[in-house]
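J.: The following block contains the structure, expressed as structure tokens.
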Amino acid sequence: MTVKEKIEQLRLQLHQHNYNYYVLNAPEISDKEFDDLMRELQDLEQEHPEYKDENSPTMRVGSDINKNFTQVAHKYPMLSLSNTYSENEVTDFYDRVRKALNEDFEICCEMKYDGTSISLTYENGKLIRAVTRGDGEKGDDVTDNVKTIRSIPLVLHGDNYPEVFEIRGEILMPWEVFEALNREKEAREEPLFANPRNAASGTLKLQNSAIVASRKLDAYLYYLLGDNLPTDGHYENLQEAAKWGFKISPLMRKCQTLQEVFDFINYWDVERKNLNVATDGIVLKVNSLKQQRNLGFTAKSPRWAIAYKFQAERALTRLNMVTYQVGRTGAVTPVANLDPVQLSGTVVKRASLHNADIIEGLDLHIGDMVYVEKGGEIIPKITGVDTSVRFMIGEKVKFITHCPECGSKLIRYEGEAAHYCPNETACPPQIKGKIEHFISRKAMNIDGLGPETVDMFYRLGLIHDTADLYRLTTDDIRGLDRMGDKSAENIIKGIMQSKEVPFERVIFALGIRFVGETVAKKIAKSFKDIEELENADLETLINIDEIGEKIARSILNYFANESNRKLVDRLKTAGLQLYRPEEDLSGHTDKLAGQSIVISGVFTHHSRDEYKDLIEKHGGKNVGSISSKTSFILAGDNMGPAKLEKASKLGIKIMNEEEFLKLIS
């Protein structure tokens, strides 16, 4: 046997043993025997790099190379499902499907696993790409990290799979792994993960795949897409996918009647507590792919599927005290400190009280027995008080009047429930919160910096605001606690690299109230530089797509503050991209000036976001709904029948991709 043949043999053996252990849960060899085979393969691959294969089992161990994720457009948009919490709405969904199809249909009921969504692409039986849901149009390429998940096959079994296809599913962190990870974080005095979903999502986005490999993520796959799929049945296709090596949930049922659907829901509403992974509902899908196509999509979700969410679990425990947290915007949040209680698979010690009105409405007293719920929320919340056991009335909980961090008198804006600390330039949590937001991945994305490092730099007087980051040198931070030469160099390198971050993300990084990622993009496309934005009036801001008076006034208030203007000037001096690059400004025309355009369907040549950019680049305006003022509809495949009917009724022109591209060329 040649070396190459031996390597191939070991790879096949290890792929099979991975499948036996992680998917079938039926190992045929011991862990030691598996490790010995893996070590033998690693040695041979190291000695013979000419036989390197990206899909080798050895690629699952992860790498400590730190790199940014690239964004990849989804071939098929990853839409979210419509949610329902009532059986009446499930009945309405069933009736809508029956009326629209006017023929027999089956509903496939599946567990709704509570993790992070993933889309896997396979070509010729090999995993070539793994992409997160992102915004539904495009997501992060996390292929290297996903390759560390043992239940996801790198190479498929058999040979009857399509040449190219996508399969989607949920990346999960089992309860046992989640609890062990939080015990480790607690021992290191690090912030705990709130739930397995956050832990799985956070792990998948780590830029060190060796750590990802150590976190023992799992995956269930639940939807197959592509041409030449085995059958017209969604359920049947998943059974075929299981034969190819995918981990498909056995907790599925094809239902012929609505009563069978409810039987499935009611059974798992009780039994889900015994599962080793988090679930939060049941997904209902029309089983026939042909019928799915006939039903089509709305702008946000498929008409052939719905998610029934389980009611939040609740528990009774004692309220010991109320503490207060100050966020980066100055919002003060009351937090209930409780006797530990088991809820939804985790031990709950704290719960949000949200604001003064909630506290007053609950008539809370220290020592009360309170009901705690945990639904989709990250932090549990108190929903009621058991006054029947209030024998000894403790001190009534009253919302504080002054900031717990800096002592400033709190204010409450008209029409808002929250109280705020107005001392935004000298209140420590606000300053640190603004810096943490500034360095975050979706903002300036500064590698090596995190909350602990920011806290240390702030305590030592090295930074007082975001602009101070750009004055730091390696000598300033070398030798600090857990800060060696390499760590110091990486942080300074990350800070310098952030100067290349585009205008829209710098706007988002400023932390202007109500200005999220989407609004920041709209602003960046509407002004050539920060000076134009600083000097914009209310009318100019309101005329920007998706910006109302509330956001516009927040922007005006931000730049009316002299401290903020000085900060922006210092960031500009530091070299940040507070302007649109020349290439962005070139190519603009007025070919679509004055036209309001609706985008609908799935596209081939560009993504929906790219078409929105093209519309704005040529002077047009993107609008979300059809009205008599709509100029035309840019339509791709699977345009919703409701939009089609409304466009026809109003006599609005429908334009395909080719016609649109010709129009703007």
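The backbone N, Cα and C atoms fix where each Cβ goes, glycine too.
I grabbed these lines from Swiss-Prot:
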{"type": "BINDING", "residues": "Asp31, Lys32, Glu33, Phe34, Asp35, Ser80, Leu81, Glu110, Arg133, Glu170, Lys285, Lys309", "note": "NAD(+) binding site"}
{"type": "ACT_SITE", "residues": "Lys112", "note": "active site, N6-AMP-lysine intermediate"}
{"type": "BINDING", "residues": "Cys403, Cys406, Cys421, Cys427", "note": "Zn(2+) binding site"}
{"type": "DOMAIN", "residues": "587-665", "note": "domain 'BRCT'"}
J.: Hey, for the Zn(2+) site built from Cys403, Cys406, Cys421, Cys427, who else sits with CB inside 8 A of the CB center?
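T.: For the Zn(2+) site, the extra neighbours are Val326, Gly330, Pro404, Glu405, Gly407, Ser408, Pro422, Asn423, Ala426, Pro428, Pro429, Gln430.
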J.: Determine how many residues of the domain 'BRCT' (587-665) DSSP places in helix, in strand and in coil.
T.: 28 helix, 16 strand, 35 coil
J.: Which residues, sitting 6 or more apart from Lys285 (NAD(+) binding site) on the same chain, put a CB under 8 Å from its CB?
T.: Ile107, Cys108, Glu110, His234, Gln292, Trp304, Ala305
J.: Going by Cα-Cα distance, which of the recorded positions (Lys112, Cys403, Cys406, Cys421, Cys427) sits nearest to Leu81 (NAD(+) binding site)?
T.: Lys112
J.: Taking only the Cα atoms, work out how far Cys406 (Zn(2+) binding site) lies from Arg133 (NAD(+) binding site), in Å, as a whole number.
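T.: So the alpha carbons of Cys406 (Zn(2+) binding site) and Arg133 (NAD(+) binding site) sit roughly 40 Å from each other.
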J.: Helix, strand or coil by DSSP: which one applies to Cys406 (Zn(2+) binding site)?
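T.: The three-state answer is coil.
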J.: Would you mind ranking the binding-site residues Cys403, Cys406, Cys427 by how many other Cβ atoms sit within 10 Å of each Cβ and giving me the lowest?
T.: Cys406
J.: Using C-alpha positions only, work out which of the recorded positions Lys112, Cys403, Cys427 is nearest to Arg133 (NAD(+) binding site).
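T.: Comparing Cα positions, the closest of these recorded positions turns out to be Lys112.
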J.: Taking just the CA atoms, what is the gap between Lys112 (active site, N6-AMP-lysine intermediate) and Glu33 (NAD(+) binding site) in Å?
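T.: If we compare the Cα positions of Lys112 (active site, N6-AMP-lysine intermediate) and Glu33 (NAD(+) binding site), the gap is 36 Å.
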J.: Tell me the coarse DSSP state (helix, strand, coil) of Cys427 (Zn(2+) binding site).
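T.: It is coil.
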J.: Between Glu33 (NAD(+) binding site) and Cys427 (Zn(2+) binding site), how many Å separate their Cα atoms?
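T.: Answer for this pair: 58 Å between alpha carbons.
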J.: Out of these binding-site residues, Leu81, Cys421, which one has the fewest other C-beta atoms within 10 Å of its own C-beta?
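T.: Least crowded of the binding-site residues Leu81, Cys421, by Cβ count within 10 Å, is Leu81.
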J.: Suppose you look only at the domain 'BRCT' (587-665); what would the mean pLDDT be?
T.: 85
